[in-house]
């Protein structure tokens with residue numbers, strides 16, 4: 001009889017789930033809500049600020065071309081190269097800024113930790129697919145653009161199980 | 001937006017479609033129509049309503065509503081229609097398709113997933129069509145060293161055998177493709193071909209995993225064939241007939257499942273094993289032997305075998321309904337006429353809408369109840385797939401040989417005692433007729 | 001005359017040879033992996049006699065990436081992102097051990113709040129790994145529902161890790177000196193709610209999977225690894241605990257804050273595949289318990305990270321630090337020669353140690369038991385290859 | 001001149017370090033030193049960890065003593081470290097115990113140094129069966145031949161590996 005009760009319990013558990021809410025959400029129509037504006041780092045305190053590690057954002061008015069991000073990346077992904085930019089900034093004598101190859105980047109965020117000038121942060125934008133590998137290389141001017149991302153669903157726990165809801 | 005390739009031109013796309021249409025039209029006018037007319041000229045044409053059904057008459061009848069229904073009625077009672085369309089292949093294939101879709105959605109629901117979603121806008125109802133098209137366009141890879149004739153023949157044989165089982169299942173009084181007197185035995189005889197096909201195919205594919213899978217299929221089949229047949233025997237004793245229509249008729253008052261619950265249980269388990277569905281899907285156990293005897297299947301070969309196995313699923317669920325759930329009997333819920341007074345009125349359009357002459361309340365009711373019961377059984381089989389892991393081969397053989405056979409024998413003797421004791425049976429206390 | 005005798009002898013020899021060959025033909029060699037659905041990135045050759053496995057030869061290395069060699073060319077911080085690659089589902093634990101080793105070499109202690117947060121991250125990571133493992137165990141035994149439920153419920157924990165660290169699986173969160181960032185706003189309530197809900201899901205797993213008679217038939221009494229054999233083979237983690245040795249690094253050698261946390265070391269004495277499959281579920285319950293305590297006892301404010309230079313130089317010496325990962329004790333033996341880069345890193349991982357039990361258990365068992373035994377060993381091919 | 005410097009660095013590694021001494025460590029080390037005397041050299045002693053260095057000839061003997069008298073029943077890992085400056089390869093066995101509850105948190109590193117040009121060492125497979133794959137890995141990664149090991153052959157590396165053992169220090173990674 002132990003066998004029978006085992007089967008009946010399994011059947012009960014399985015059929016119970018027919019009325020639970022489905023857990024998946026429709027991705028392109030709905031997107032996940034993230035905590036902040038992306039991972040940031042406060043060099044004074046030496047700790048980061050929690051957030052999603054998506055693609056980077058580069059503040060041209062703060063970047064000094066010190067290459068610390070490229071040095072940090074050297075042993076990890078070698079995704080950052082310093083390139084010459086046409087702009088003239090007082091703090092950036094050499095006029096070089098990071099250019100990031102997202103075909104190589106592993107989104108560890110250690111370059112953000114390395115930047116002492118609040119110039120390189122990460123954003124919520126993680127949708128970076130493209131048809132060619134060359135499109136994955138983001139130049140400093142592309143990195144300066146603040147991405148638009150509006151996710152609205154997050155995990156909710158209700159009487160009919162956990163689900164993704166607004 | 002990002003789904004189009006950079007070199008996509010809409011004009012080229014339209015042009016290619018127009019070109020294909022033109023080629024098809026040209027071929028039809030030049031080749032296919034003459035061939036059709038030549039053949040029609042030489043074959044004898046049937047007589048409907050006292051007129052020879054020439055193609056011209058046929059087309060004219062299709063536009064004249066008053067003449068359409070007799071033609072439909074005539075075609076519905078031809079053997080070809082029965083075998084190919086209604087209780088036969090197309091009907092069963094449709095149910096198989098619906099079963100596949102429902103199975104995917106139901107399992108998805110049970111597993112808190114979505115299941116098919118995108119094909120066909122509404123919850124992915126055209127997913128199966130998309131899958132079928134995909135399988136059709138896929139390359140068929142024949143392994144080197146394979147026995148090519150058998151490798152090509154086996155999937156077709158599989159579908160044909162499954163369709164042969166379907167042909168024996170009645171769905172309503174008189175609606176059966178082959179109404180043979182040894183119906184039940186014929187069903188078991190045809191079912192006995194499946195492991196042979198599996199073994200042949202696995203041997204022909206010249207690979208190790210299919211070979212093991214084929215052997216497993218054979219073992220499983222032999223272990224479960226005997227309880228399968230023995231569990232159906234008491235039903236034959238009770239209704240004193242092997243004809244499936246007769247067996248269904250004998251349950252007019254009491255369904256067999258109330259008299260023989262253990263038999264029904266054994267039959268259900270054995271049919272799961274016969275179908276190689278989840279607790280018993282050893283021949284296709286993917287974590288042990290890749291995909292078992294289906295390892296070397298590709299493209300439409302795989303599609304045909306899937307179709308065959310779902311046809312078999314429908315056939316066995318139908319057989320369960322015929323044997324234990326009283327066949328097509330159920331309360332009459334359909335009206336005698338679809339639109340009351342349509343037969344008396346002389347309005348052809350109204351008669352056509354009411355399907356006068358074609359519509360038969362009893363038949364429709366029978367088919368309805370048969371379908372409801374069959375779907376319930378299929379649903380049970382699907383749910384069992386969701387909650388169980390795979391069984392091991394030695395436990396399976398042990399279950400088949402030691403438990404189920406003994407159970408069916410005991411049950412058989414109990415039923416015989418009850419019949420001779422005059423409790424159940426044709427002249428028993430609990431009368432069936 | 002003699003030539004005839006020779007011929008007869010020759011024929012006898014030949015026939016002997018033929019019979020010997022036919023005897024060998026009884027055995028069928030099956031290659032399980034690397035493209036077999038029941039193997040992972042791993043291959044083992046088995047020989048079967050009928051339905052019985054008579055010979056097993058594991059051949060790992062399909063995803064070997066020279067992890068230990070790579071460490072010698074990067075500094076301690078740069079090592080973190082690639083160290084977690086072998087087990088991205090358990091990334092917080094694998095970097096935890098390395099961080100402990102580096103902190104020991106450098107000679108710093110992590111702030112107390114940082115210790116709590118990284119213990120929390122490692123517990124979440126362990127839960128998510130165990131669910132992934134459980135999902136694959138389910139599908140290996142042909143239970144498709146048991147594949148989908150843990151894979152779906154894992155989202156609860158992945159979501160928490162994502163909030164905490166910013167990445168879903170490759171967290172790079174535990175680094176030498178503490179953690180990368182403080183917990184975000186409103187994290188405690190969210191974490192508590194989701195972990196509590198997750199704990200109720202474990203009952204459903206038991207109903208549909210562990211108490212299912214078919215599963216019991218398949219796993220109970222299968223692949224018995226006795227206590228003596230387990231000790232002899234030096235297995236670890238849930239495999240060891242299922243064989244009746246209550247060994248858990250968090251208990252026997254508490255690192256960071258684990259000496260303040262109350263939990264039981266769950267172990268079973270039946271030594272079979274079922275025990276090895278069930279001990280991780282018991283562990284998951286304990287992990288939920290630990291997470292609640294960690295959230296409760298965590299100091300409200302404070303530093304989370306000891307500030308270290310990017311090119312921190314460690315004193316020459318060597319150390320061996322271990323943590324309890326999802327697969328057992330995970331130790332890092334780090335040798336330093338005073339430069340910013342480690343001189344030699346050796347990872348002693350649970351998977352590699354449990355691999356030794358695979359031929360031992362599979363030989364003599366049935367082919368149908370192969371997935372039940374293989375995946376119950378809590379073996380992660382990528383980690384074993386490093 | 002530079003080479004000399006590095007050599008000094010390397011030899012510095014094997015200095016005795018007295019750190020926070022532990023009762024367990026002390027009793028264990030005492031027991032070993034009373035038994036083996038100068039044959040065993042203590043490298044470091046920390047809380048729950050200690051490392052001893054023995055000569056290759058005494059390796060089996062020491063391991064046997066540790067297993068029989070102290071309950072070290074398994075090896076967590078067997079690994080090697082290449083010291084090209086000393087022309088030596090160090091083999092480390094991280095021994096642990098599951099049968100002796102006192103030694104649960106304890107890891108004893110049993111190490112030996114073999115010549116780098118022709119590295120050969122006695123296998124501990126008969127004493128600790130758990131070192132089988134670890135020693136095999138050490139063989140292919142560092143080229144140390146383990147005498148008495150049944151399968152000194154390729155394990156993790158590709159089948160067609162024809163280069164030198166990759167964990168040797170003179171095996172360079174491309175581009176670094």
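Backbone N, Cα and C define each Cβ position, glycine as well.
Caution: TrEMBL annotation is automatic and unverified by curators.
Sequence-distant neighbours of the transmembrane segment (B:12-43) (same chain, 6+ residues past either end, Cβ-Cβ under 8 Å): 54-55. Sequence annotations record features per position, and here TrEMBL assigns transmembrane segment to B:12-43 (among others).
Outside the transmembrane segment (B:80-102) by six or more residues, the chain places 116, 125, 127-128, 163, 166-167, 169-172, 175-177, 306-307, 310-311, 313-315, 371, 374, 378-379, 382 with a CB less than 8 A from a CB of the stretch. Residues or ranges marked as transmembrane segment by TrEMBL: B:80-102 (among others).
What TrEMBL lists as transmembrane segment is B:150-176 (among others). Within its own chain, the transmembrane segment (B:150-176) is flanked in space by residues 82-83, 86-89, 91-92, 142, 183, 186-187, 190-191, 193-194, 197, 200-201, 203-205, 244-245, 248-249, 296-297, 300-301, 304-305, 307-309, 311-312, 314-316, 318-319, 322, 327-328, 362-363, 366-367, 370-371, which lie at least six positions past its ends and keep a Cβ under 8 Å from the stretch.
The transmembrane segment annotation in TrEMBL covers B:182-201 (among others). Long-range neighbours of the transmembrane segment (B:182-201) within the same chain, counting only residues 6 or more positions beyond its ends whose Cβ lies under 8 Å from a Cβ of the stretch, are 150-151, 154-155, 157-158, 161, 164-165, 168-169, 210, 213-215, 217-218, 220-222, 225, 228-229, 232, 236, 242-245, 247, 274, 283, 293, 312, 315, 319, 323.
Residues or ranges marked as transmembrane segment by TrEMBL: B:222-240 (among others). Sequence-distant neighbours of the transmembrane segment (B:222-240) (same chain, 6+ residues past either end, Cβ-Cβ under 8 Å): 184, 188, 191-192, 195, 246-247, 249-251, 256, 259-260, 263-264, 266-267, 270-271, 273-274, 280, 323-324, 396-397, 399-401, 404-405, 407-409, 411-412, 415-416, 419, 424-426, 432.
Annotation source TrEMBL lists transmembrane segment at B:252-273 (among others).
The annotation transmembrane segment is assigned in TrEMBL to B:310-330 (among others).
Residues or ranges marked as transmembrane segment in TrEMBL: B:358-383 (among others).
Tertiary neighbourhood of the transmembrane segment (B:404-424): same-chain residues 224, 226-227, 230-231, 233-234, 237-238, 259-260, 262-263, 266, 269-270, 430, 432, selected by CB-CB distance under 8 Å and a gap of 6+ residues from either end. Feature annotation from TrEMBL assigns transmembrane segment to B:404-424 (among others).
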